[in-house]
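Asker: This is the structure I have questions about; it appears just below.
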Amino acid sequence: MAAEEGQVIGCHTNDVWTVQLDKAKESNKLIVIDFTASWCPPCRMIAPIFNDLAKKFMSSAIFFKVDVDELQSVAKEFGVEAMPTFVFIKAGEVVDKLVGANKEDLQAKIVKHTGVTTA
């Protein structure tokens, strides 16, 4: 279930999540996780922007989408309490978190942690 370059990797089972996260960690790229829910209007609003950012930063980051209702244990592991929540992982460690559907803040954090200002 690997995504093509520049695509968001949707994880719908714990097994897929574990395999894909391990692969992403091996890449040494920034990992950006969008914790979302199908019933969340701000999540639906930010989804196309998140997809665009995945294309823009494909050489320096890997993007995941996790539905909190499908993978409750993963959401709990990362302390997700509101949606959308974006978690940023670098070198296997959580380095940042953003709660809310703010396009500018999301892009700014990706730039900050990748060091890439333009794609």
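Placement of Cβ uses the backbone N, Cα and C atoms for every residue, glycine included.
The following feature annotations were taken from Swiss-Prot:
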- 2-115: domain 'Thioredoxin' (DOMAIN)
- CYS40-CYS43: disulfide bond (DISULFID)
- CYS40: active site, nucleophile (ACT_SITE)
- CYS43: active site, nucleophile (ACT_SITE)
Asker: What is the number of residues in the domain 'Thioredoxin' (2-115) that are helix, strand and coil, as DSSP sees it?
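Answerer: Counting residues by DSSP class gives 48 helix, 30 strand, 36 coil.
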Asker: Return the count of C-beta atoms lying within 10 angstroms of the C-beta of CYS43 (disulfide bond), excluding that atom itself.
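Answerer: If we count other Cβ atoms within 10 Å of CYS43 (disulfide bond), we arrive at 21.
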Asker: Can you name the residues of this chain that are 6 or more positions from CYS40 (disulfide bond) yet have a C-beta less than 8 Å from its C-beta?
Answerer: MET83, PRO84
Asker: Would you mind giving the whole-number mean pLDDT across the domain 'Thioredoxin' (2-115)?
Answerer: 94
